[in-house]
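Feature list (source: TrEMBL):
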DOMAIN    151-347  domain 'ABC transmembrane type-1'
TRANSMEM  16-38  transmembrane segment
TRANSMEM  86-111  transmembrane segment
TRANSMEM  123-142  transmembrane segment
TRANSMEM  154-173  transmembrane segment
TRANSMEM  280-305  transmembrane segment
TRANSMEM  325-351  transmembrane segment
Amino acid sequence: MQALYNDIKQLWRQKIAFRVALCYLAGFTLLAVLLPWLPLRYMPNDINLDKVYAAPCMGGSNSNWFGTDALGRDVFANTLFGARTAILISFPVASFTALLGLVLGTTAGFFGDSGFKTKRVHVIVSVIAAVFLVYLGLYVPIKARVLLPSNTSLIYYSVASLILVFVVLWGLARLLWVRFAWFHKPIALPVDQIILRIIETLTSVPRLIFILVLASFLPPTVPMLAILLALTYWTGIARLARAEMLKIKNLPYFESARSIGVTQSAMVFRHALPNMLGPLLISFTFALASLLTFESTLSFLGIGIPNTLPSWGRTIAGIRHNAAAWWLLAFPGTFLLATVMALQVTNYYILAIIQARKK
């Protein structure tokens with residue numbers, strides 16, 4: 001980790017493009033955080049039908065700097081708040097998917113198909129608990145939000161039922177453990193094959209089609225969109241983490257640590273993860289850039305995001321009704337392009353130092 005930090009400091013001193021990209025990303029993040037407190041003249045959803053499709057900087061002191069759209073909404077405010085929407089959706093999803101992919105990929109690579117052993121009772125109870133978790137923890141609350149959006153009591157009942165099920169399963173596990181010796185026997189779970197099959201199942205369907213199908217019968221909310229994106233974006237990082245773990249596991253220092261009796265947790269957290277940070281950081285920034293563009297694509301299509309939420313895609317979509325309103329595409333499109341380019345430049349230089357270190 002210290003070596004990666006020193007390499008980034010060296011890049012900051014030597015590469016102007018890297019410095020510009022990081023400064024832009026820092027300013028972009030700061031803007032997203034402080035935007036609600038900035039003294040803007042217009043808010044993104046303020047409608048003014050007297051200034052429909054007003055060109056940029058037309059109208060004297062009360063002009064809209066980036067023009068207006070079909071409803072007279074200020075494009076400048078929508079571009080800034082669209083940046084806030086983009087980062088508030090993409091960054092948490094990218095962070096969660098990076099963590100989930102890291103955990104699952106590292107587990108698959110470290111244990112393989114025979115290294116993870118547990119008791120039979122734990123496997124049976126865990127499978128039953130997972131089924132109830134999906135049904136009572138996800139399916140019922142989502143259905144309740146769709147069919148009865150104003151009634152939250154069903155969601156509370158679902159959560160209470162889930163807690164009750166977990167308590168009953170815990171008691172059942174204790175009973176089976178005491179009464180039957182068969183449940184004491186350990187079994188080896190093929191975690192590598194299980195995780196790989198899940199990854200193959202999720203990646204077999206194109207991401208856009210998968211989200212279009214699910215979003216067609218789910219409420220268009222930001223949390224729901226974040227869940228859908230998280231379900232599809234963790235697979236790439238999991239594959240990378242698994243590959244890195246398989247490579248590190250066969251290195252001499254790792255085998256030496258195993259031979260002298262170093263615990264599994266110490267081998268993973270002290271010896272494996274520090275050497276995986278570079279590739280995982282690159283994968284994280286790639287996922288972040290992909291999420292930014294994908295969020296804009298979905299909002300452009302009007303899928304998964306509320307119509308009242310300002311976003312770059314919603315603003316760009318207005319040009320379909322008036323091709324002469326070039327500013328609807330130019331300003332949010334420039335922000336989107338600059339953000340993705342800054343992430344790609346950061347990726348390029350970090351990848352360069354990782355490859356140079358391997359040589």
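Using N, Cα and C of the backbone, Cβ positions are placed for all residues, glycine too.
A TrEMBL annotation is a machine prediction, not a hand-curated record.
Bear in mind that the values here come from a model prediction, so they are computed numbers and not experimental data.
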Sort out the residues at least 6 away from either end of the transmembrane segment (123-142), same chain, that have Cβ-Cβ distances under 8 Å to it, and list them.
-> 154-155, 158-159, 161-162, 165-166, 169-170, 172-173, 176, 183, 187, 189, 218-219, 224
Long-range Cβ neighbours of the transmembrane segment (86-111) (under 8 Å; 6 or more residues past either end) | 28-29, 32, 191-192, 195-196, 222, 225-226, 229-230, 233-246, 249, 264, 267-268, 272-273, 276, 280, 283-284, 287-288, 291-292, 295-296, 311-312, 336, 339
